[in-house]
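Reading through the structure tokens given below for one structure.
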């Protein structure tokens, strides 16, 4: 952190208005005449009287011909706010005996701006221009990613940018198109909106009708969520830059209904409230995963999307089926609010004892909070907030630790339950948590607004502090590596756990000995969770460091993952330079990572947090009763 100058220093002396205000020449002469012995000696002889008379005439001449410094400078125009340069060539006789105006306090040169302001306006203007330029760089990155996808993989789920071809890994529904559409809308990338919208209108319904197996969770958060967000944004143009070329909004809504009607088979085919994880869209039918279990996070992260579809379609069946899941989980036993990462759709019970906030556990906790917020904190849904608060207490009590030697706060795992040993392992996926904690503390308001309205209790302040500590750790997971990009998984050095020779490669990092990166965990998938949390924390705390951290991460993405022919690629090893490219651009790079970076660098009035919730794939969905529902 750069050092700041002290409030007062030698350079301030000439600008201290109280002590060093300029006095007029006339005042200097008369004061000296009254206070020195010259007066007595001069007045006693005729020569002295003559000299005094000559001096008075000289002073009078200077006053009549002097150009006043207070009327020479920049004067703000009254009509258009522009500045005019005005010079006074003398002084009026009526002003000779007028008391000179008191000059306003002046600031030292390092913060002094043009006449009439403190310099803070100029610094704010420069800062705004800097972030506008950086935001445009993110938009250019999005266009570059899209151009590669469009050229080599249009209609496929994902781009392989090095091989210059497409691949279907998510059911063949053109997932990159739908996942990135609302990002293009928010950015005002109208050409992309038009191209993506045309493909959806022309091809997506047929693909849905003909597709065999898809994952219920991935299809809901990426494709259904993307369609519903595009429907809302194209309906209301709520603060967006885009003119939304694309099809009429109803196209997105009708396509979403067709998809959701088929995805409902995951719920209706199950003997319990817990849905099956795999759905055959063309039948439609559903069946459990090969091992018979569903991920807890997957079955509990469908509700934002289905609730919103019920709101805009007028059909309650989507809400009824999806909310049964959370109502059922409410009745199950937990460990201080924490739950195992597997659940059985056959029995409706949790399976195993593995507790973590990484893969298969993460968005369960996220949706407890966000569904409650989506429902505008209605009393019928208070149980969700209660479950969230209990779980966050459990996180603080059972999962939070500090690394050695430098005390990074991290969230570990309990692989065999609360009564077994603690693992200092933290997935990059866990870096969603700082943003969720901050959102839960202020409910989308800034920290300043929430405190002014006495909305923050002790638990909220504890969670907000934990959010900031964890965000720091997530950022250091990037800066500790040779590439400046985070690994998929990190371990932390504790009294009980240590492995030598597995640092991130950045020998200048203060935390090189705190973070352990095993060879199998060194890949980077262009994940969004850290920049997601930086976005939430900047919006809520208004601390510019979160923007600066985000910019460092974006620069690292640009330097090491960009493919010149189009697109961006996942990496095999973030600890080596240059890193080998994995040849895969995940859909969430366009749908989440670049969207959160763009919003982080932009105006906070775009997609305000007290009017929207983001689903776990970063698709903004309006809070009921606040944002226009379309």
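Cβ coordinates are placed from backbone N, Cα and C, and glycine is handled just like the others.
From a predicted model like this one, the values you see are computed outputs, not experimental measurements.
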TrEMBL tags one of 11-28, 29-46, 47-64 as transmembrane segment - which one? 47-64
If you count other Cβ atoms within 10 Å of each one's Cβ, which of the active-site residues 488, 529 has the most? 529
Can you count the other CB atoms that lie within 10 A of the CB of residue 218 (active site, proton donor)? 19
Measuring CA to CA, name the entry from the recorded positions 218, 431, 474, 616 that ends up nearest residue 529 (active site). 431
Using the alpha carbons only, what distance in Å do you get between residue 488 (active site, proton donor) and residue 431 (disulfide bond) once rounded? 11
Relative to the Cα of residue 218 (active site, proton donor), which of the recorded positions 362, 431, 474, 616 has the closest Cα? 616
Residue 362 (active site) has its Cβ surrounded, within 10 angstroms, by a count of other Cβ atoms equal to 25
